[in-house]
Amino acid sequence: MAGGKIRKEKGKPSSQHTPYQGGISFHKSKGQHILKNPLLVDTIVQKSGIKTTDVVLEIGPGTGNLTKKLLEAGKKVIAVEIDPRMVLELNKRFQGTPSSRLTVIQGDVLKTELPYFDICVANIPYQISSPLTFKLLKHQPAFRCAIIMFQREFAMRLVAQPGDKLYCRLTVNTQLHARISHLLKVGRNNFTPPPKLILPWYGLSLKARHEVIKGVGWILRLFTE
């Protein structure tokens, strides 16, 4: 699937595939773009390589369309969401789910002390791409994989090579700790509201100290085993 594209399926979706939005209005200015394509959600979960014993950290769960699938795949989901409206919707949607399976944390992920997790999946606003990347790269104990959505401009800087126009300090610092490869591109119509740009998903494979940490992908996929 490397380098492939996920496109919105034509035709009217069936009721069982209708994305849950909870009647919330989303703010583009805050980088709120909610995943609505069930095919894309399934692909992300599949590419994440989640095991039934995994604790999954989800950053920016929104109304929980991806959260639902992560709960089905892993042992537990820890969701970090800054918008209190989204937190209310998550609590309402997953009411009755025990805390041993789902924990929702309201707060800024950049200021939050992250708990232990095996896999990270994140749909984040462009503004925090760089600080979140480095926060994850420094995280201890090491996790196995992180899956993060980046807009094209930022993603291209991460994978730039010496001599490329986009090669910069961010490129050098990131590639010092991670191997990066392209996983897939996601069309704007897979989101509500649709963003201006196509959003490639990237996967980073981490290198801890002198030890190579395996990985692949372009959905911030960070591997540490």
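From the backbone N, Cα and C atoms, a Cβ is placed for every residue, glycine too.
The feature S-adenosyl-L-methionine binding site is assigned by TrEMBL to His33, Leu35, Gly60, Glu81, Asp108, Asn123. Cβ contacts within 10 Å of Leu35 (S-adenosyl-L-methionine binding site), excluding its own Cβ and spanning all protein chains shown: 22.
Per TrEMBL, compositional bias 'Basic residues' is recorded for 1-10.
Taken from TrEMBL, the feature domain 'Ribosomal RNA adenine methylase transferase N-terminal' covers 40-203.
For 1-23, the entry in TrEMBL reads region 'Disordered'.
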> Whose Cβ, among the binding-site residues Glu81, Asp108, has more other Cβ atoms within 10 Å than any of the rest?
Replying inline: Glu81
> Near the Cβ of Asn123 (S-adenosyl-L-methionine binding site), how many other Cβ atoms are there if near means within 10 Å?
Replying inline: 24
